[in-house]
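J.: TrEMBL lists these features:
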ACT_SITE  HIS141  active site, proton donor/acceptor
ACT_SITE  HIS230  active site, proton donor/acceptor
Amino acid sequence: MLSQCAMENLIASYGDTSSDSESDSRPAIVVADNRSSPATALPPPPIDLLNSPKTFGTSSYWERNRGSRIRSFPHIEGNFALHVYIPVFIPSERKKELASFLKKATSLVRGLHVVDIDVPLLMLLKDEEKLVQAALGREFHISLGRTVPIRVHQIDSVVTMLRQKLQLSKQYLIDFTKWEVFVNDDKTRTFLSIENTAGGLAEITKQIQAVNEVYKLHNLPEFYKDPRPHISIAWAVGDISQSLKRVVDGEMNIRINAKGLSTRSMFRCKFSNIVCKVGNKTYNICGSQEQ
């Protein structure tokens, strides 16, 4: 059994126990199965920050100052948010086309924000470079399990079992084929996402099943019965799925009419790793050492 001193040191290594992480239906802004009231919202960061090269990338202000999150479970000392996911980066050559639709969607549906940061997309429309960098130039996540709280004594067991089941995962290609709209479970956030419906779907489904087995052994809630792997690009407050879905359906119809292909890949990336994030600590399940 851990001594009080050892327990405090272990907790400190995982950072603030109140840290939120990304979830199955969207990254970071809202955690899955949200049932509590919103946290105090931060004002949007000054748009001028995007002018400085030092503010770009994952170490920038945008990554460090996440806004308007809602906790999906009550804060309990010693609990840490667990999130298992596949990291995804959008290829540079595909960003211009995606940014074009983001502009269209933002002009038709107000209230859209960049995922993971509290920046309205409307503020970025006049500068495509800023739009591409802020909205599309970051790491995205395909969730393989729900974001759930776990206790300190469960961490080593969860990570070890995930590695046992997933460390031999082979590389494969993931095709993202369509824009889609998702709403979190209690309808407090709507997400504009890009869904994987073709290449890589079978492999991701198997990986979700493996994560479910680990969750089940630790009495954690399993993922949705019919998972729909996706990355979320933008979010809005409340359930605006009907209005956003009309815009998405219109765009997909244009793609089909113009190119005759409903499943043409919008972009493709390689699967190379699975990440397990516990609080502020990150474990590479299929890759190198934890951070």
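Any Cβ shown, glycine's included, is placed from N, Cα and C.
Automatic prediction, not curation, is the source of TrEMBL annotations.
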J.: Whole-number Å distance between the CA of HIS230 (active site, proton donor/acceptor) and the CA of HIS141 (active site, proton donor/acceptor)?
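T.: That comes out at 8 Å between the alpha carbons.
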J.: Starting from the Cβ of HIS141 (active site, proton donor/acceptor), draw a 10 Å sphere and report how many other Cβ atoms land inside it.
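T.: So the Cβ neighbour count for HIS141 (active site, proton donor/acceptor) comes to 25.
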